[in-house]
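J.: Below is a structure I'd like to ask you about.
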């Protein structure tokens, strides 16, 4: 028999559980019993059963223990109508936070709340209000575990494959099947038999009743074999016991449910039922087998054998795999039910086990542990991560002891450091971590932006600790850390602040910046020093809680966290060549430093000493060109991380690398230019590594030396997003970021700005030097020849609209270093003529398959040169705080039209006259082209004026042949105050020359600066990549859904990304302000009617239920006064998250 796949039978909508391969015995040994039921009997039974079966729509709001966040469908059935109790599977009730509704057969829908989920076996209970069912007559389904027998004809009634009512027939074939094994790192049942039948259940049928012809439930459907029609059913003996405990003292339903404790005992041992033939091979003596057969029920075929023992559990070092269980407390025990009955009745008591190990009889005495004590009922949520005590389920899977600090979901902060899912945290900020409370205690002492070491182990490599550096979120990407605690009375997980009110982590850096600006009214570079000194003292204070240490290697762990914020399209991540190990950041040594008491002069003396040592230790690179020597001190390596909660503007990855170049450097400010594909959005954390001076500086200079070596890079944080010049449509596909030169300390003298050479423009056949940085910050160069200095880019739209370079010409070379190597193009003297930047596109294969692809080209430097000149000249514009000084940022006038070149030979075929062809050739004899309109950005001033296919012949009577001509014409408008911002264009349309005035738009270059999270969807104003599609809804444009979160209301009800919300409850939402005004009036649990319009223009109306308990409404906004992203709660419950 080949390998077959087993799976949990629930949850057809989203996130089906993965399966594990296992070879299963399908034969039927016992004989069938005669079935006397008639078709009429089954009809009567089903008429009674079907009304009591419900469709469960469940949403796991957070990843927890063995379950991930997500939405799904399953089945349940009423087992106590008077008290309002529904039985279903454990993996449906979920071990963590869950929101669920039950829909009866007449389409009445009511909320249900979890009241119990068994720690081991696959069953759980929801409660509901029976009085809420007004239009349906139904009866509870009785439980009859004793009726199950081989050969019994059965029906499985439930929600199979998304069908609201499905009835599948079958025959019980086995009652003693091993519990199915679903996942190696997820939920698995054990220490119980399962039943097996060929009923063919599939997704959505979990929790279905398995009934006989009398309408009694004889088993609970749990899973199935994906490659065959076999289904697996859970026996009901333990279910009946648990239900009786829930029913005690509860005669009817009441609004206030009192939590009930159901005694459950464990030895933290997994047993398997092995046949007597196998136990003999394990060394079982003949006299013992004879004793067992005589004392066991007729037909017993085997005994219980130890399969695994959890470390540090009650049986650790006392029981071993292969031990054969003979007696418990003097009674022969060969069945799981008898063993568990004894354990459940002996919690916190000693029991005696008689076993045989290799033929030798042994007697051991063990204390039965409370199973609920090793089943976690709380977790910590910090920076999107879910961290909890290791449960018995996962301890058994991973062979760790219970209670360790376990990473269920790494979120942003831990994922950024390279901590994978399922990691066990052993040490944090120099302190040993054995309990979750230890982690919270250490976290409460840290400040925003602190960088501290973390050690962890994983079950895949359990014998080696891995060390990484964790950077505490500097911006308020996420709410402050929260501790969620399960409340079985309400069925909810209540949140409370995890940190004390005086924790430095709760103090917003934006408030400090505002205070510093108020106390130091600086308006120019001259007044900057005092404020900077105060800010560095604040950063120094952070370091007393953190650690400074040397990185020897770094690599981002490739196992990405489950994206909580995904659109309908899941593009592949950008792949980056890396030179180091897969263990994350390796730390040579680390410990918490003592509070600093040395004087500032001592620190500066140390910096100078390190500088002298470094200057004497840097050898000249062999055979390096003059250009490489000159430009190396101006190169900077970028590492960019995008928080999942803020993946705006269609950004397709969370992690980017690239090389930038310093274009301005003084005592007060430094500017670095880099391609737009490297820093895709401003909502990101950026780390700079300077090639000029190798020392790690987390926010300030600290020249610690460890093991006689200096770090090979400089990491500067924070970075102020200075200008963020990344216009998506026209001309500029580079951006500028600012850094604080004083943070380099002594190294600032080694860093210098590159000399820019915008003119003359490169020509075909010119020799250039391609210079860049490797991942180890080694300068690399080669001499190349320009093959095409004016190649027009043509990048198509991605499935999920995102930034793409348009309206620009790039430089092509004969040779380069591959598609991931970026840097600069210089002349022989090291003067920068172009940025060698990366571009992203999406290659499509067929209708449904696509793949992200990256390539590199040269970007002329003249645009950056112009922007830097404007910044330095103080051109009027909106102010932005840079290194404590507010500086005016220049505005840029652009024509929001996407263009493409057409050869004049083809333009002639469209009817363009010889007169214009000669004029265009005379203007530009090399390109011999004319620009045509591909489309206008929706909402731009050029919309409805220019049409697709228009040829732009001239502006102000001057012929236009390339994109730069249009850019220059826009800049001329800014220099002339008596114009109205319109270009006088001559265009060729459908055989006619037309004179037309076309409006231009002014942009500040800041990009998206505000985002709303409502019901788990990330809402923003339509970004340029969306507007470039040429369509906005007529209903006032609306707000754009950029992403959605797993386990959120929008996930549950299907309000996914790539659409506009134009109305909420009939009220228009043309912009974010209107959207906030409407949604903040909505209450928790209120159903909301939403009108949305998809990118394809198709409108739809849907309803969703607002959940402020787990998904409060919040806003993230960039504040130019503090240069910080600030989080603000718009609507939340008092006891919910921020």
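Yeah, the Cβs are placed from backbone N, Cα and C, and that goes for glycine too.
In TrEMBL, annotation is done automatically, which means it is predicted and not curated.
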J.: Pick from 513-549, 550-586, 587-623: which stretch is listed in TrEMBL under region 'Disordered'?
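T.: Going through 513-549, 550-586, 587-623 one by one, TrEMBL gives region 'Disordered' for 550-586.
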J.: For the domain 'PDZ' (1027-1096), would you mind checking the mean pLDDT of the predicted model?
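T.: Mean pLDDT, the domain 'PDZ' (1027-1096): 92.
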J.: May I have the DSSP-based helix, strand and coil counts for the residues of the domain 'PDZ' (908-991)?
T.: 25 helix, 23 strand, 36 coil
J.: With DSSP helix as H/G/I and strand as E/B, how many residues of the domain 'PDZ' (1027-1096) fall in helix, strand and coil?
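T.: Once the DSSP states are binned, the domain 'PDZ' (1027-1096) shows 14 helix, 23 strand, 33 coil.
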